[in-house]
Every structure is written in C-alpha cells, then in structure tokens.
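Listed in Swiss-Prot for this protein:
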| type | residues | note |
| --- | --- | --- |
| BINDING | Glu155, Asp157, Asp168, His173 | Mn(2+) binding site |
| BINDING | Asp157, Tyr159, Asp165, Asp168 | Ca(2+) binding site |
| CARBOHYD | Asn89 | N-linked glycosylation site |
| CARBOHYD | Asn141 | N-linked glycosylation site |
| CARBOHYD | Asn207 | N-linked glycosylation site |
| CARBOHYD | Asn219 | N-linked glycosylation site |
| SIGNAL | 1-28 | signal peptide |
Amino acid sequence: ATSNSKPTQVLLATFLTFFFLLLNNVNSSDELSFTINNFVPNEADLLFQGEASVSSTGVLQLTRVENGQPQQYSVGRALYAAPVRIWDNTTGSVASFSTSFTFVVKAPNPTITSDGLAFFLAPPDSQIPSGRVSKYLGLFNNSNSDSSNQIVAVEFDTYFGHSYDPWDPNYRHIGIDVNGIESIKTVQWDWINGGVAFATITYLAPNKTLIASLVYPSNQTSFIVAASVDLKEILPEWVRVGFSAATGYPTQVETHDVLSWSFTSTLEANSDAATENNVHIARYTA
C-alpha cells in the first residue's frame with residue numbers, strides 16, 4: 001500500500017532519527033560507515049561486476065548505456081570493497097544497519113519495462129551467476145534459488161504482468177528477497193519514470209526486522225515494506241553490500257542509475273542493548 005500524506009513521512013523521519021540514536025548509543029565492537037555523494041570513474045572503494053560503471057558525470061550506472069540509451073540484456077553489480085561483519089560467531093551478536101541511496105530508473109517506453117535493481121548482502125566472493133539472469137536481477141538464475149545462495153536483497157522490480165515471471169505480483173513492486181527471486185513480502189511501487197527516488201533500508205537486529213522505504217519527494221508519495229529476517233541464519237559472518245541490476249528484451253530496457261549512497265552498520269556487543277521501545281516498528285508497514 002502507499003501513502004501520499006505528510007503523516008507517513010513524519011513517521012518515517014521519526015523512525016530513522018530513532019534508529020540512528022540507537023546506533024550511536026550501543027556498545028559496538030565492529031562497525032562500518034561510509035558516504036558517497038558523488039561517484040568517480042574507477043571508484044577505488046567499489047568492486048564492479050558485469051557492465052556496471054561510473055559515468056563521467058559521477059553517476060553509478062549499473063547497466064550499460066550507449067549514447068544515452070539503455071541497452072538490452074545488460075547485467076551489472078557494484079559492491080563496496082570493504083566487507084561488513086554482519087554477525088559475530090563468538091558472541092552471537094548481530095549487526096544493525098541502515099543504508100540510504102538515491103536512484104533513477106528511466107525507460108524509453110514506460111509501459112513496458114524490465115527488469116529493475118536491488119540492494120543486496122552476499123558472501124564476499126559473490127559473483128554474477130552464469131546463464132540468463134536478467135529476470136533474476138543479476139542475483140540468481142533458474143537453478144540456484146535456494147539456501148546455498150546466502151543472499152538477502154531488497155528489489156525494486158519494474159517487470160510485471162507476464163507469465164515469464166510467475167512468482168511476481170501483477171504490479172511493479174518493492175520486495176524483500178531471501179535466497180531467491182520470489183519475494184517473501186512486497187508492496188506496490190508506483191514508479192515514476194526518470195524520477196529521483198530516495199530509498200532507505202534498515203535492519204533492526206534485536207527483533208530481526210528488515211524495513212525498506214522509498215520516497216518520491218517530487219509528488220510526496222512513499223512506500224514501505226517490512227519482514228522478519230534472521231540474518232545470522234541466512235548470511236555468513238562477513239558479507240559485502242552493493243547493488244545489482246539488469247535489463248531484458250530490446251523493447252523493455254531502462255537505466256539503473258545510483259546517484260548517492262550511504263551505509264552504516266553497528267555490531268552490538270550486547271544483543272539485549274535495545275529496549276522494548278526500540279523495536280515497535282510494525283506500525284510503519286502498510
């Protein structure tokens with residue numbers, strides 16, 4: 001569900017403020033924090049896979065663009081080079097994290113689009129799977145959607161209404177994916193062609209909740225989805241974080257441009273550090 005009212009934005013802003021206060025006050029043993037306001041070609045802090053690159057204007061282009069036009073069957077990923085410790089095998093502690101980024105998806109023909117992009121966490125040595133992976137957003141293929149993947153992702157899926165992807169709902173959507181392309185929770189996404197989207201994804205370790213939210217400031221619409229996800233049961237102790245995107249048929253192409261990105265994670269030394277008030281976030285889901 002969606003909302004175009006200010007109360008939703010106030011709730012979101014209040015939650016995010018509260019989350020960062022939580023991160024700043026816990027006794028942490030490991031943390032990673034970075035902000036990239038403008039990407040540069042051959043960005044040293046990023047690992048590029050497939051056809052991902054940085055343009056001369058400082059935009060992270062996850063899929064191939066030639067002469068300003070998106071190209072068919074393009075797959076690309078960009079990951080932050082430094083691994084993130086998402087949980088501690090000795091103490092059992094699990095990290096909370098928050099990531100925010102702005103991005104644009106622009107299609108020559110907005111009525112038929114594919115395939116979308118995703119933010120994901122995966123093993124440090126994760127690579128683009130072999131085979132045709134466009135409809136799997138460069139994260140999976142038709143033979144590896146199982147627990148061996150060790151991948152958690154939030155997808156921004158632009159392809160819908162086709163039997164080719166029977167797992168998808170009949171609308172563009174934001175989905176939470178665990179080890180496979182079929183989302184465990186989705187919310188309808190009223191994508192704006194060429195609009196700048198502001199996305200925030202947070203994970204609250206004390207109650208194992210992953211929350212994804214997206215706002216289009218240009219028309220004051222927001223979208224929020226949340227699900228229970230146990231990162232310690234799904235991911236290895238160390239992961240890399242990044243983006244993946246893909247395009248499909250020649251008539252169903254789009255750009256996948258990330259304009260800025262920030263990330264903060266804190267591995268709590270005491271998993272009971274959060275109070276009851278810190279985990280009441282179900283009210284923000286639609």
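Glycine residues also receive a Cβ, built from the backbone N, Cα and C atoms like all the rest.
Locations of recorded Swiss-Prot features on the structure.
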| residue | record | CB count, 10 Å |
| --- | --- | --- |
| Asn89 | N-linked glycosylation site | 11 |
| Asn141 | N-linked glycosylation site | 17 |
| Glu155 | Mn(2+) binding site | 27 |
| Asp157 | Mn(2+) binding site | 27 |
| Tyr159 | Ca(2+) binding site | 24 |
| His173 | Mn(2+) binding site | 23 |
| Asn207 | N-linked glycosylation site | 13 |
| Asn219 | N-linked glycosylation site | 10 |
At the level of the C-alpha atoms, what whole-angstrom distance separates Glu155 (Mn(2+) binding site) and Asn141 (N-linked glycosylation site)?
15
Counting distance between Cα atoms, which of the recorded positions Asn89, Asn141, Tyr159, Asn207 is nearest His173 (Mn(2+) binding site)?
Tyr159
Pop the Cα-Cα gap between Asp157 (Mn(2+) binding site) and Asn219 (N-linked glycosylation site) into the table, whole Å please.
20
Reported as an integer number of Å, what is the Cα distance between Asn89 (N-linked glycosylation site) and Asn207 (N-linked glycosylation site)?
18
Residue pair Tyr159 (Ca(2+) binding site), Asn141 (N-linked glycosylation site) - Cα distance, angstrom, rounded
16
